[in-house]
Structure formats: C-alpha cells, structure tokens
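Submitted below is the structure of interest, expressed as structure tokens.
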Amino acid sequence: DQKIRNVVLIGSQGSLEDKTVTVCYGADFVNVTFMWTDELFALAYNLNQYNNPTIKFLEKLHTKIVLKADKSGKILVKNIIRLFAQNKEDKKRVEKALSESGLPTGKTDTISQSKFHTDGKPHLSATQLVDFLNEVQRDPRLNEILHPYADLQRAKDLIKTYEHNKYQQQRSQLTFDGFLRFLMSEDNPIVAPNKLDLCDDMEQPMAHYFINSSHNTYLTGHQITGKSSVEIYRQSLLAGCRCVELDFWNGRTEEPVIVHGYTFVPEINAKEVLEAIAESAFKTSNYPVILSFENHCNPRQQAKIANYCREIFGDMLLDKPLDSHPLQPGGELPPPSFLKNKIIIKNKKKHHHHHHKKEETVVSDEAEQREVQPQGNGDISHGQLVRQGSSESSGTDSSSEEESAVGGAEGPCTEDVRESHAAAEISALVNYVQPVHFSSFENAEKKNRFYEMSSFDEKQATTLLKERPIEFVNYNKHQLSRVYPAGTRFDSSNFMPQVFWNAGCQLVALNYQTLDLAMQLNLGTFEYNRRCGYMLKPEFMRRKDRRLDPFAESMVDGIIAGSLSVSVVSGQLLTDKRCGTFVEVDMYGLPADTVVLPELAMLRVAAHEEGGRLLGHRVLPVPGLRPGLRHVGLRTELGLPLPATLLLHIRVTDYVPDKLSELAEALANPIKYQNEMEKRTYQLSVLTDDAEEMTAPDIPKPAPAVTLTVTEETETKWNGTNTEISAEETLNALFNSKVVKDKRSELARKGDNSVVSEEGNPGVSSGGGEERELRLRYHHQIYAALEKNLRNQHQQQMKALTDLLDSEKKEILNRLANSRKEDVKALAKETIRDKDEILRRKREIHTLSVQRGVTECSRLELAHMQRRELLMLAHERLTAMLQRYREQELSELEQLCGGAPEG
C-alpha cells in the first residue's frame with residue numbers, strides 16, 4: 001500500500017544511511033558483523049515465526065489498520081469493512097458486529113483507537129473450561145500419566161492469561177472475548193509444539209530416514225528451454241533440502257560447467273555452484289548434505305572438480321569413511337548425528353581390477369548408450385541436442401563389475417596417466433553413497449553392501465512397487481534408493497512423493513522450481529523435525545523382523561489404526577475479493593486405507609476461490625494433530641505463512657471395527673458400562689418377578705458339602721493383608737437374607753399343614769398336588785433370588801476393586817507430582833548458568849518421574865488383575881455350589897411330594 005510505504009519511509013526518499021542507527025556491543029569490533037547477520041538470519045528462518053498463533057496475524061492486521069488511520073489518528077470504518085467483508089452478506093455481518101459493540105458503522109465514520117474493542121457478556125466458569133479442555137480439546141488416546149488431565153488450576157491460569165476483564169478474572173470466569181483469545185493463542189496450536197522441534201531420534205542409520213531431495217536443482221523452469229541459476233542451490237538448501245543434483249559437463253575454457261546436457265538450457269559455472277553450496281549448506285540444518293554428481297567431464301576437468309571440492313568444502317567434505325562405520329558388507333550406514341556439517345559426494349566409484357586394463361573415464365549410463373563424438377583434446381561436448389532427461393532417466397548407475405566406460409581419444413602416455421589419476425581422485429571422494437546398477441532385490445540382499453545405492457525413475461520404481469512391494473520395503477531398510485521424475489516431464493512437473501515414501505524410499509527427488517501439489521506436500525512434510533531435512537521412518541519400516549505390504553487392505557499387526565474426523569467451522573481473512581470460497585480436506589497415506597498407518601498419513605487443508613484459484617493450504621502430520629477446536633494458519637504454495645486461517649473441529653480416536661465397537665466402549669469406560677448392565681439387569685428382573693407378592697416356602701438349606709478357601713495359588717492382597725473367602729459363610733449369609741426369609745414366611749402362611757423345623761428346614765407334609773405345585777414354585781423363586789443376590793454381591797466387589805485401583809493410582813500420581821515439584825525447587829536453588837543444562841535437568845526429572853509412575857501403575861494393574869481373577873474364581877465356585885444345592889433340594893422335594901398320595 002503506497003500510504004503505508006510513505007509512512008514507514010519505504011522507497012526513494014533519500015539515502016537509507018541517513019535513517020539508519022547501528023548499535024554495536026561487545027569487547028571488540030571484529031565479529032560485530034557476523035553477530036548481526038547470524039541473529040538476523042536466525043530470526044528470518046525461525047520456525048516459530050512460521051507457526052505463529054492466529055492472534056499474531058490479527059495483531060499484524062490491526063497494525064495495518066492503524067497505519068491507515070486518518071490525520072487525526074482515528075480508524076476509518078470503511079477500512080475495517082474492506083478487510084473483513086467479501087460480499088454484501090459479510091458487510092452486513094461486520095456492520096452488525098460493530099453496532100453490537102457500540103461502534104459507528106457508517107462508511108465515512110471513524111473510530112478512536114482506544115475504543116476499538118468489545119465487552120462480551122457470556123462467560124465460562126473455571127469448571128466448564130476444565131470440562132471443555134478434557135472433553136473437547138484432549139486426545140482421548142493419551143496416557144493420563146504422561147499427559148495429565150487439565151484441572152482447575154490449569155483453567156484458572158488460562159483465565160488469568162486471556163481474560164482482560166479484571167472483574168471476570170477475579171471470579172475465575174472466561175468471557176467470549178477471552179475464549180476467542182485462547183482459541184487463537186499459542187496455548188491452542190493445531191500441531192503439537194514438539195513436532196516443530198527436533199523430535200526424531202537422529203541416532204538411527206541414514207537408511208532409516210526420509211531425506212528432502214531435489215532433482216535437476218540448477219533448473220528454474222522448463223527442462224528443455226528453461227534457465228539455470230546458482231541462486232536456486234542456495235534457496236533449496238535454505239528450504240531444508242539435503243540432496244541436490246549437479247550435472248557436470250566440459251566447459252569450453254577448461255572450466256567445468258553445470259548444464260542440462262543436450263538441451264537449450266544455459267550453463268553455469270561449476271565452481272560458483274560449489275561455493276554457493278558451501279555457503280548455504282548448513283545455515284538452517286547442520287545435518288549432512290548429499291551432492292548427487294552426474295559427471296560427463298574428461299579426466300582433467302574431473303580433477304578440477306575434485307580439487308574444488310577439497311578447497312571449497314575443506315573440513316566439511318567427508319572424503320573417507322568413519323572409523324566406526326567401515327565400508328564392509330553387512331554393516332549399517334552411519335546416523336545423521338555422526339555426520340553433522342558434512343558433505344557427502346554421490347558419484348560413480350572407480351574400482352581397480354586385478355587384470356590389466358587401461359584406466360578409463362567414468363561417465364553416466366546414458367553416455368554409454370549413445371554415440372559420443374570425442375574432441376581432439378579428449379573433451380566430450382554437451383552439444384545442442386535435445387535429450388530425454390538426466391542420465392538417470394534411461395538407466396541406473398552401473399556396478400563396478402559391470403560398468404563399461406567411454407574412452408577419450410588416444411594421446412601421449414603421460415596424458416593417459418594424468419587422466420587416470422584424475423578419475424581416481426574424484427572417485428576417492430566417494431564413500432557411503434556409491435551408485436550402482438540395480439539388478440534384483442535378491443542380488444542386493446546377497447551382496448549386503450549398505451554403502452551402495454540405486455536410482456530409479458518414477459516408472460521403474462512404480463513397476464518394482466507393484467510387482468515386489470514387500471521386497472522393495474525391505475531393501476530400503478538398509479540401503480538408500482533415489483526416485484526422480486521421468487524424463488518425459490519436460491514441464492518440470494512432479495509425481496506424488498507419498499507413493500514412494502510408503503515403500504520407504506529415502507531420496508524422493510522433486511523439481512523444486514514447480515510448486516505443484518506434490519511439492520507442497522513435500523515442503524509441508526519436511527517442515528517438521530525442525531526442518532532439518534531428515535524425517536525418521538515409522539518403526540515398522542525400519543525393523544528387519546517386520547513385514548509391510550503398502551497395498552495390503554488389512555490392518556498391520558501391532559499398529560493401532562486411527563480414525564480422524566475434520567469439520568470446517570469457519571474461515572477468516574481468506575480473500576479480499578467479492579467471491580465465493582470453498583475448502584478441500586484431503587488425506588494422504590497408504591492407498592488402501594489412510595487410517596491403517598497413522599504415522600504415514602498427512603492431512604491437507606486447502607481454501608480455494610469458487611473459480612478454483614488456491615487461496616492457501618496447510619499440510620499437517622496426522623501423528624502430531626491435536627483434537628478440538630483449532631485455528632490452522634494457511635500457507636502459500638511456497639510454504640510462507642498467510643493471515644488467512646480456518647477454524648477446524650478435529651476428532652481423533654483409535655479405529656475400531658463395527659463388530660467390536662461395544663467391547664471397545666466397555667473397555668474405554670468400564671464404570672459406565674457396568675452401570676448400564678446393572679440397569680438392564682434390574683429392568684429384566686422387574687419383568688420376570690411377576691410373582692413378587694408371593695413368598696417362597698421355607699425350603700431347608702442342606703449343610704454345604706464343600707468349604708471354599710482361597711489358598712496360596714489364588715492369594716489376594718488387599719491393603720497388605722491376606723483374605724480368605726469362605727463359601728460356607730457366604731452361602732449362609734445369602735440363605736439368611738431378608739428376601740429369602742420373607743418368601744419362607746409367605747409359604748408358611750399359605751401352607752397350613754407345613755412344618756418348619758427350628759433350623760429353618762421345611763417339613764414336607766403329605767398334601768396333594770396343590771401343595772406340591774406351591775412348594776415347587778417357591779423353590780424356584782427362592783433360588784432365583786439367591787442367584788440375583790450373588791450376582792449383585794459380585795458386581796459390588798468388582799466395583800469396589802476398581803475404586804480401590806483408581807484411588808491407589810491417584811495417590812501415586814499425587815506423590816510423584818509432589819516429588820517432582822520438590823526436585824524442580826531443589827534444581828532452582830543450584831547455581832547453574834547454562835540454560836540448556838537446566839532444561840536438560842528438568843527433562844531428566846520429568847522423565848524419571850514418568851518412568852516411576854509407569855512402573856508403579858503397571859504394578860497396580862498387575863495386582864488388580866490378580867484380584868479380579870480371584871473374585872471371578874470365587875464367584876464361579878459359589879455359583880456351582882448354589883446350583884448343586886438347588887438340584888439336591890429339588891430332587892428331595894420331588895421325592896417327598898411325589899410320595900404323599902400313597903401314604
């Protein structure tokens with residue numbers, strides 16, 4: 001905006017030096033420049049700036065509105081409406097909001113900056129906020145020990161932070177404005193903050209990572225007619241790319257150049273490219289950079305390339321393998337943490353054979369397959385013929401045993417020696433990334449050379465993935481593979497990288513100059529893990545004892561599938577045009593079912609104008625996604641943040657098949673399930689107790705033949721004491737219960753000739769069939785009541801056992817929390833000046849506390865299971881004994897009543 005430019009003096013209003021103030025500090029002036037540049041660079045590439053909460057972008061817009069104020073310093077209403085309204089309906093909503101806030105709404109009206117706020121009346125109490133945090137904003141899959149539930153103190157802290165109304169703050173109430181501030185704040189991010197930090201284990205072999213890679217890095221556009229640039233190497237490396245490609249050709253002035261051979265692309269100086277790489281390689285990430293050389297030079301210029309690498313890169317160049325990881329079959333690639341600030345060369349390795357053979361120049365496979373016209377000086381001209389792509393497009397690199405070379409023109413003996421030495425010199429720079437021709441997965445497994453890698457164009461890789469998916473995944477567990485666009489993509493378009501990430505391919509190279517959907521996914525994926533360019537594969541893609549078929553439709557053994565639901569609530573600041581908008585939500589993962597492997601799944605949210613133009617998008621990793629009401633800031637195609645946001649309601653759960661949904665619900669909330677079962681049992685008992693008014697006869701209870709005593713095998717320890725459960729005492733208590741006594745009394749009143757013994761055993765008279773029917777009916781009612789009481793008793797015992805477990809867990813968590821607080825207080829008293837050391841000590845305290853909590857809770861869970869088994873065993877034995885008594889008494893009753901008429 002020109003008015004803003006005038007306010008902040010942007011433009012040609014004179015020399016900027018007259019308006020610049022420089023602040024210098026320190027003991028000397030030697031490193032001031034570097035200190036300033038380092039700090040400014042750190043600010044420019046700070047990931048936290050890219051992931052600012054929504055409120056920060058609104059503050060920027062507020063600043064923009066304030067800068068557009070009139071001469072009296074008042075805000076123009078039309079500027080506010082223009083910013084938020086896209087059509088007439090939006091304009092009415094904005095005017096209504098201003099009116100309800102007590103602010104003017106006229107087009108020519110102005111608003112004082114001090115009055116540009118609202119006072120909301122609705123509010124949430126601290127208890128309601130706790131419920132919102134735990135029920136809506138919390139991931140239900142989280143462990144309550146590692147991730148405790150929000151409590152009242154947490155709610156009060158949030159209210160104190162985001163509620164600006166002092167009166168409401170004192171009453172622990174959160175108004176609507178405060179609630180909005182919380183939703184847009186850094187305390188409510190859509191992605192877990194640790195995902196932006198270095199969260200992956202960087203101690204794994206390099207083959208266990210996805211590596212951010214570029215194809216034909218030097219190009220800025222079309223593959224045939226585009227331009228090349230040195231600057232794009234800097235920008236790619238600053239964007240987190242860790243593998244760039246360099247196509248070397250003979251220069252006309254004996255200086256090697258980088259160019260897309262046999263095309264109309266202009267060449268660039270190879271030395272300048274190497275200098276740009278050295279300058280930018282480790283600005284944003286200190287993890288290793290792989291330089292993929294495609295060498296078409298003669299030995300003399302190869303020698304120059306090797307010398308340039310040593311001179312320019314210096315100590316950054318990894319020119320020999322590490323002592324801890326020698327180049328021997330059967331080993332593993334070194335981890336990225338071992339190769340910090342190191343540059344690795346990927347170039348064909350020159351091998352010396354035992355038979356006498358003239359040393360020859362190593363060039364690419366495509367050079368071997370086409371006719372090359374050597375020049376008189378041994379040079380190979382790159383000409384102006386159109387080729388189909390990089391050398392990798394028509395074949396992969398050949399192995400040392402099978403490679404065939406293209407020789408230059410014969411020359412003097414000294415010339416041959418110098419050329420041979422030059423080829424060997426650049427070959428000496430190659431160690432952990434040695435390109436070879438891919439023959440078969442069986443051959444690669446047989447050789448077991450971790451330092452050899454193969455390159456495939458997308459068509460070759462797709463064929464292998466379709467025919468041998470499991471073998472392809474296993475191959476990528478210990479060796480690197482590179483997949484690049486097919487040579488027919490003259491427009492520099494890209495394939496979808498997710499297909500080959502699913503197979504574990506590490507170096508999925510894309511055309512960085514084309515910001516299509518594939519490149520957007522690539523930038524979004526590698527934004528996380530501190531944008532270091534390395535993303536650790538899921539564990540099941542790294543372990544050699546696990547098998548993964550990317551096309552399998554069934555769930556993977558040992559992997560908990562996930563279910564994700566996304567609702568778009570609203571959009572903010574999507575466009576300043578008067579047009580319709582729509583939002584697309586897509587999931588990318590395995591082809592069969594994206595919920596099967598959550599660690600490989602990505603969510604992309606994109607806003608478009610009704611004509612299809614992209615307004616902004618965001619790529620989010622499913623594992624780090626946080627549920628609840630979350631604002632997501634959108635990005636440009638390049639990944640730069642926009643003020644546009646979407647409010648999403650996200651729900652995440654573990655995926656459960658329909659046939660197991662009831663079981664999963666019971667396990668997730670056993671108390672609720674138990675209450676429902678008790679309610680259902682009660683309803684059934686009401687339906688079956690149609691003869692409740694009738695009481696049971698006083699049926700004799702035979703002496704129990706068995707006394708159940710819990711021995712050492714089923715020992716239970718409640719509150720540290722041993723408990724013996726006597727079946728005799730339990731059954732005696734049941735037979736003497738009020739329900740049974742009432743039914744006996746009722747039977748005694750109805751049976752005038754019945755004789756009841758002092759011990760409670762019913763006497764059987766010689767009555768007719770009516771008496772027999774009466775006794776049998778009450779016999780069934782009494783034992784039905786006994787079984788019901790036994791079940792209720794068992795349920796109460798199980799509930800008491802669950803309550804005991806919960807109370808013990810709560811006691812342990814409280815004790816560990818207090819212990820952790822004491823340790824942190826003790827740490828604060830120590831005189832430690834290093835902030836990193838303090839943070840490390842705090843993390844150590846937290847980790848130890850969590851480990852103790854997990855151990856204690858595991859012990860309690862084990863004891864709980866033993867107690868449950870004990871109660872179940874006792875209940876089963878009591879049920880069996882009661883059934884035997886029932887059958888015995890029924891038999892005696894039948895005999896007595898059946899013999900009465902004959903007496």
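Just so it is clear, glycine is given a Cβ too, placed from its N, Cα and C backbone atoms.
Quick paste of what TrEMBL says about this protein:
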- H215: active site (ACT_SITE)
- H260: active site (ACT_SITE)
- N216, E245, D247, E294: Ca(2+) binding site (BINDING)
- 348-357: compositional bias 'Basic residues' (COMPBIAS)
- 426-542: domain 'PI-PLC Y-box' (DOMAIN)
- 95-120: region 'Disordered' (REGION)
- 348-419: region 'Disordered' (REGION)
- 746-771: region 'Disordered' (REGION)
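Relative to the rest of the structure, where do these features sit?
Every protein chain shown contributes to the tally, and the Cβ of H215 (active site) ends up with 28 other Cβ atoms within 10 Å.
Its own atom aside, the Cβ of H260 (active site) has 24 Cβ atoms within 10 angstroms in the protein chains shown. Following the DSSP three-state reduction, the secondary structure of H260 (active site) is coil.
According to DSSP, N216 (Ca(2+) binding site) sits in a coil region rather than a helix or strand.
On the 0 to 100 pLDDT scale, the domain 'PI-PLC Y-box' (426-542) averages 93 in the predicted structure.
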Name the one residue among E245, D247, H260, E294 whose Cα is closest in three-dimensional space to that of H215 (active site); these are the recorded positions.
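Going through E245, D247, H260, E294 one by one, the Cα closest to that of H215 (active site) is E245.
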Is it possible to list how many residues within the domain 'PI-PLC Y-box' (426-542) are helical, extended or coil according to DSSP?
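Counting residues by DSSP class gives 42 helix, 20 strand, 55 coil.
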